[in-house]
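Below is one structure, written out as structure tokens; comments come after it.
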Amino acid sequence: MAQNTSPSRYTITAALPYTNGPIHIGHLAGVYVPADIYSRYLRLKGNDVAFVCGSDEHGVAISMKAKKEGVTPKEIIDKYHAIIKKSFADFGISFDNYSRTSAEVHHKTASEFFNKMYEQGDFIEEETEQLYDDEAKQFLADRFVIGTCPKCGHEEAYGDQCENCGSSLNATDLINPKSTITGTVPSLKKTKHWFLPLDRYEGFLKKWILEEHKSDWKPNVYGQCKSWIDEGLKPRAVTRDLDWGIPVPVEGGEGKVLYVWFDAPIGYISSTKEWAEREGKDWEPYWKSKDTKLVHFIGKDNIVFHCIIFPSMLEANGDYILPDNVPANEFLNLEGNKLSTSKNWAVWLHEYLEEFPNMQDVLRYALTANAPETKDNDFTWKDFQSRNNNELVAIFGNFVNRVAVLTHKYYDGAVPAPTNLNTVDKEALEALKAFPDTLSKSLERYRFREASQELMNLARLGNKYLADQEPWKLIKTDEERVKTIMFVALQIATGLAILSEPFLPFTSNKLKGILRHAELDSASHWDDIATRDVLLPAGHQLNPSELLFRKIEDTEIQQQLDKLEATKKANASTTLSTDTMDKETAPLKDTITFDDFSKLDLRVGTIIEAEKMPKADKLLILKVDMGLDTRTIVSGIANSFKPEDILGKKVTVVANLAPRKLRGVESQGMILMTEDKDGKLVFVNTDEDGVNNGETIN
Ligand SMILES: Nc1ncnc2c1ncn2[C@@H]1O[C@H](COP(=O)(O)OP(=O)(O)OP(=O)(O)O)[C@@H](O)[C@H]1O
Ligand SMILES: [Zn+2]
């Protein structure tokens, strides 16, 4: 089987963005820009395409964010769904439908999906011991619990997945699990859940992925799948003890919801249904016909869900087709650091659209030309500027502008009739004819970077042709020759207008406008470029020319870099404010009552481990023996102390300060410090011997 080579229709999905924040450039480069290029390309080739997506609105992270902000989950999802949907539309992501998983059609579809599998006996129903937070009186799953990954040792793996190694986990697999709600160590409590026995699908997955897709899936995707399958798959709970999500629709499911990664991929199906309903079409062939090609665009952290779990669900259900390919991308970073919603380390799409109005294509191009297809890549503002100034402006824009301006200058904007095509002209036109096929080959292998460079090569070809032929010189001596040159150049410009559409849709539109391409009786399309000798006939009248791109100045780039610098500073100061005292003698604070004071739980502890926080100059990660337990405390004291100097030091700890994450490490308290006359930090402690760790101070 392998590749489905001549499908009757395509279903293209892009990962459902999680509605706990807006869209950033990582999402775009990893998923939405390549998916959009591919879908636009397929439509230009005359295919029947359903390009679907929607907001992913369930799950623990949204529950947690709502709790933190003191609002309802619905308020969170409504806010981000609106921002995300609008920014995608303004950016030109050409979804046929953008839905949301809180929609009724989705609740219904996901419940039916679950029900069918339930009735077929595809689940194991089992009462097992799950992690439970006695203080919050809640079961802990997914992002409610972190601990050490049993596969790679990463210390902040979630209850369902380790983001470091991509493994999918059960919460009870975590080593040293800890509740992210209260910071306490969970106990075990019995509860009933439904499990998808992935081990039953091993044979199916082996044949389908390891045999049939060995040569056409990307090596990063195939490799991850192979290692999971080789390690052996285990049953995975697909339900949760939570109040936010799709209720488990079977007996005994009261108070439980579907696991977010069970319902989210079904969102692709619901979105297709919503679209088909609106268009008066039948949704089923898009998901159930063997002659449909299904492709999932995702980032690498979603591979297990799209290649192992969802396909097993589709296979179990019975009626569905499987993805033909899952061209997952690696990750994009920003100026050397990991993109992060919580640390505000991002270029946000909605902000970009405001700060660079009408420049969607510049970002699309910069992200595509530098896409993280085979390895993680870095977005830098300097690269963005040079992609714009040196490629879009200097090559693409320059060529088109010369052609349009000269056509107006010499012929009042009418395409001249060629007289005699010489070898150079013929070669240029032949080269143009080869481009659609070259681009198709790259696009159909999901090599979008390569394709974007091929497109730029067509503009280069046009630029070189004009530079070599120099019509602006010849116009004084050989007017007939100039007509031929301009005719050839106009054909190349038309080719660019057509072939750039998937990559640079706004530019393509503008250029087609200048060429009045759509008004031609038989306007040429993608495939016509290879077969027709004339794309823009002699005598055809152009519109006035306008610039396709503008130069980006250093000051604009500096502004963006300053913005990131400010983010860095803001992050650093919030990190330090909780750990160090002000430099000057601070004025007295307002009087507090004894009750206020007695809320403070101050205790004696001893530092038993200390190490530097990687990549943070000022922070030490300390382990403090508190008598009853051992705490991790992140403290901004690295400028004053070496780790080895403070081992065994007695300290005073604020033991009931709400836990707080610093650089990804949860700090479970604060050590009291003051400063000596030279500004060096000193510990506030009791120097009496014989005071035990854990003793309270009052
Ligand atoms: N930096 C990145 N580079 C490439 N792809 C990314 C990046 N960040 C997220 N993605 C992909 O974008 C899609 C949507 O992401 P999702 O909404 O789930 O956010 P996320 O992975 O939680 O990201 P973040 O934590 O940055 O908000 C997923 O397929 C994910 O793999
Ligand atoms: Zn791991």
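Cβ atoms are placed via backbone N, Cα and C, with glycine included.
According to TrEMBL, the feature motif ''KMSKS' region' maps to residues 338-342, out of the candidate ranges 153-157, 178-182, 338-342, 648-652.
Listed ranges 17-27, 369-379, 567-577; the one TrEMBL annotates as motif ''HIGH' region' is 17-27. Each of the binding-site residues Cys152, Cys162, Cys165 was scored by the number of other CB atoms within 10 A of its CB, and the lowest score belongs to Cys152.
Close to ligand 1, meaning a Cβ under 6 Å from one of its atoms, are these of the binding-site residues Cys149, Cys152, Cys162, Cys165, Thr341: Thr341.
Comparing Cys162 (Zn(2+) binding site) with Thr341 (ATP binding site), their Cα atoms are 18 Å apart once rounded. Using the Cβ center of Cys149, Cys152, Cys162, Cys165 for Zn(2+), the list of other same-chain residues with Cβ within 8 Å runs, in sequence order, Pro150, Lys151, Gly153, His154, Ala157, Glu163, Asn164, Gly166, Ser167.
Look at the Cβ of each of the binding-site residues Cys149, Thr341 and count the other Cβ atoms within 10 Å; the largest number goes with Cys149. Rounded to a whole value, the Cα-Cα separation of Thr341 (ATP binding site) and Cys149 (Zn(2+) binding site) is 22 Å.
Residues in the motif ''HIGH' region' (17-27) partition by DSSP class (helix H, G, I; strand E, B; coil) as 3 helix, 2 strand, 6 coil. Here the motif ''KMSKS' region' (338-342) is broken down by DSSP into helix, strand and coil counts: 0 helix, 2 strand, 3 coil.
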